[in-house]
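**Q** My questions will all concern the structure given below.
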């Protein structure tokens, strides 16, 4: 909505433009009227719409044509004033003033126009019959107001309607020639209807209508008012009310009726409450809510956010199988202005779930959102949510102080979402590793083979706490450039034990990106069921890890009838959670011993602190 309104008064000489302005300001008819009034600014706190309003007069005797065009360009709305007792001034509206304001062209945005019939005290019958054909001819005319500067009749109403034409314009909402909502308006209202239809039965119950009413206007409808609304709809629209509930057709009819009766501010209130701008597009503030993350901190969804996401999944999971099919996903995202994830994410994302049907995925969540990295600040999946729930979800994102001011790898992380990059040469088994994370073997490759799964997400328990671990498959050769992004919470460097060259590639990536950093790394020897190949020149994998003070390579295989071991995934999550315990370790036992000792040390410290507290209390 515009932050200020600039009203320009035009019209023939002696029609009363200046008198109207002075009567508004002085609240009395001026005995002496100057040729032109100075520009007047009405403060925001004394206007009904709470916006500052500038009122500008025009005098053909004092201003040039160039000055007039400049004022028209700056005007938010133009009031064309005519004398109801002089028919020639009415005709000038059509032949002179409207073409002058909007250039006589039908292209581009048009300045809204208010027709003002002044001196109604001289013609009691009014002039509406003469003006109606003009209003029908020019759609930019918002309304016509008859008034009298002498009797102070409808003076305040005149400037109120001028404000309203700017702040709540009719043109984007309604086509007066077709007498129906414009497509963009109907589309926006349809989206709002779907968001308000919480039980997804294609109709708004009394409870949903009152929730919608409270969301938009701050209070519910009285029971009788609610019945009156449904009665009006049922009398005018076939199928507008079904089973005592308002359908989409009925909802659209109500808004059309508001506009036709001059109450388009009601429809604008609804649209703006759900994030729409004057051009009927979702505003940047709605699409990209501000999220400030202080240095040394990250942001994650708290349990309220996860509960909300779970409720959305359950709401759209029509067959109650614990997963969303493509059709159910389409239903969920039908109210979104665009895809909730970027092009880097596949269309089918594997995830452990109850459903065993192909091409079924859970409620998608962008790893960037979960991790609180830059993608989180863009909040790409918030725009489609209904306003009250959207606000609740935005509030569920909280700042989590990690004590990691020096970056990943320093101290224990308190985050619940961890990113592991699985790096390795093509063919070493990265995709199988991701499938094994989800409990799938080699014979259970879901999804089209031409669309490999880049991400896999599941929960892992670390020290009795549940963590979300995201595995991201990355081709190792893509990280051989210095500018490549290798950042993560833990790196999984995978090589084929039967292919010496695959280990050499992993070793190169380690030296380039991780050797001098603090990110914990774990080498994994895949296809451990196959015979080892020839030893590569130089250090063996075990010697390489010992030389660089890394944990010994972990053997992994997806072959065999049994599900692959999941211990390696718990280990990766633990390394990401306790990165300071990983570096300098030469074997697995030492690492897990430190984890255990850390937990025991914390418990001992707590007991000693409590004992000291009891001694101090007794001494008092």
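Glycine is treated like the rest: Cβ placed from N, Cα and C.
Dumping what Swiss-Prot says about this protein:
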{"type": "BINDING", "residues": "16, 17, 18, 19, 59, 118, 119, 121, 149, 150", "note": "GTP 1 binding site"}
{"type": "BINDING", "residues": "18, 35, 57", "note": "Mg(2+) 1 binding site"}
{"type": "BINDING", "residues": "197, 199, 201, 208", "note": "Ca(2+) 1 binding site"}
{"type": "BINDING", "residues": "427, 429, 430, 431, 527, 529, 558", "note": "GTP 2 binding site"}
{"type": "DOMAIN", "residues": "2-168", "note": "domain 'Miro 1'"}
{"type": "DOMAIN", "residues": "184-219", "note": "domain 'EF-hand 1'"}
{"type": "DOMAIN", "residues": "304-339", "note": "domain 'EF-hand 2'"}
{"type": "DOMAIN", "residues": "415-578", "note": "domain 'Miro 2'"}
{"type": "TOPO_DOM", "residues": "1-594", "note": "topological domain 'Cytoplasmic'"}
{"type": "TRANSMEM", "residues": "595-617", "note": "transmembrane segment"}
**Q** Can you say which of 2-168, 304-339, 415-578 has the most Cβ pairs under 8 Å with the domain 'EF-hand 1' (184-219)?
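**A** Comparing 2-168, 304-339, 415-578: 304-339 has the most Cβ pairs near the domain 'EF-hand 1' (184-219).
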**Q** With residue 149 (GTP 1 binding site) as the reference Cα, tell me which of the binding-site residues 35, 201, 208, 427, 527 is the closest one.
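**A** The answer is 35.
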**Q** Counting distance between Cα atoms, which of the binding-site residues 427, 431, 527, 558 is nearest residue 199 (Ca(2+) 1 binding site)?
**A** 431
**Q** So which binding-site residues out of 59, 119, 430, 527 end up within 10 angstroms of residue 35 (Mg(2+) 1 binding site), measuring C-alpha to C-alpha?
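**A** Those close enough are 59.
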**Q** So which binding-site residues out of 57, 197, 427, 527, 558 end up within 10 angstroms of residue 18 (GTP 1 binding site), measuring C-alpha to C-alpha?
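**A** Candidates kept after distance check: 57.
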**Q** Express the predicted model's confidence over the domain 'Miro 1' (2-168) as a mean pLDDT, rounded to an integer.
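**A** Mean pLDDT for the domain 'Miro 1' (2-168): 90.
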**Q** Mind tallying the domain 'EF-hand 2' (304-339) by DSSP state, helix then strand then coil?
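**A** Breakdown, helix to coil: 23 helix, 1 strand, 12 coil.
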**Q** By CA distance, which of the binding-site residues (16, 119, 201, 208) lies nearest to residue 430 (GTP 2 binding site)?
**A** 201
**Q** Specify the count of other C-beta atoms within 10 Å of the C-beta of residue 35 (Mg(2+) 1 binding site).
**A** 11
**Q** From the centroid of the CB atoms of 18, 35, 57, the recorded Mg(2+) 1 site, which same-chain residues not already listed sit within 8 A by their CB, in sequence order?
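**A** Near the Mg(2+) 1 site, beyond 18, 35, 57, sit 17, 21, 33, 34, 36, 37, 58, 59, 62.
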**Q** How long is the line from the C-alpha of residue 527 (GTP 2 binding site) to the C-alpha of residue 208 (Ca(2+) 1 binding site), rounded to the nearest angstrom?
**A** 56
**Q** Give the sequence-ordered list of residues that share a chain with residue 429 (GTP 2 binding site), lie 6 or more positions from it, and have CB atoms under 8 Å from its CB.
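**A** Once residues fewer than 6 apart are set aside, residue 429 (GTP 2 binding site) is near 494, 496, 526, 527, 556, 558.
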**Q** Write down the Cα-Cα distance for residue 16 (GTP 1 binding site) and residue 427 (GTP 2 binding site), rounded and given in Å.
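**A** Residue 16 (GTP 1 binding site) has its Cα 85 Å from the Cα of residue 427 (GTP 2 binding site).
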**Q** What count of other C-beta atoms do you get within 10 angstroms of the C-beta of residue 16 (GTP 1 binding site), across all chains shown?
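**A** Around the Cβ of residue 16 (GTP 1 binding site), 22 other Cβ atoms lie within 10 Å.
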**Q** Around the Ca(2+) 1 site recorded as 197, 199, 201, 208, what other same-chain residues have a C-beta within 8 angstroms of the site's C-beta center?
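**A** Everything else in range on the chain: 196, 198, 200, 202, 203, 204, 205, 245.
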**Q** What whole-number value in Å do you get for the largest C-alpha pair distance within 16, 17, 18, 19, 59, 118, 119, 121, 149, 150, the residues recorded as binding GTP 1?
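**A** Output for GTP 1 binders 16, 17, 18, 19, 59, 118, 119, 121, 149, 150: max Cα distance 23 Å.
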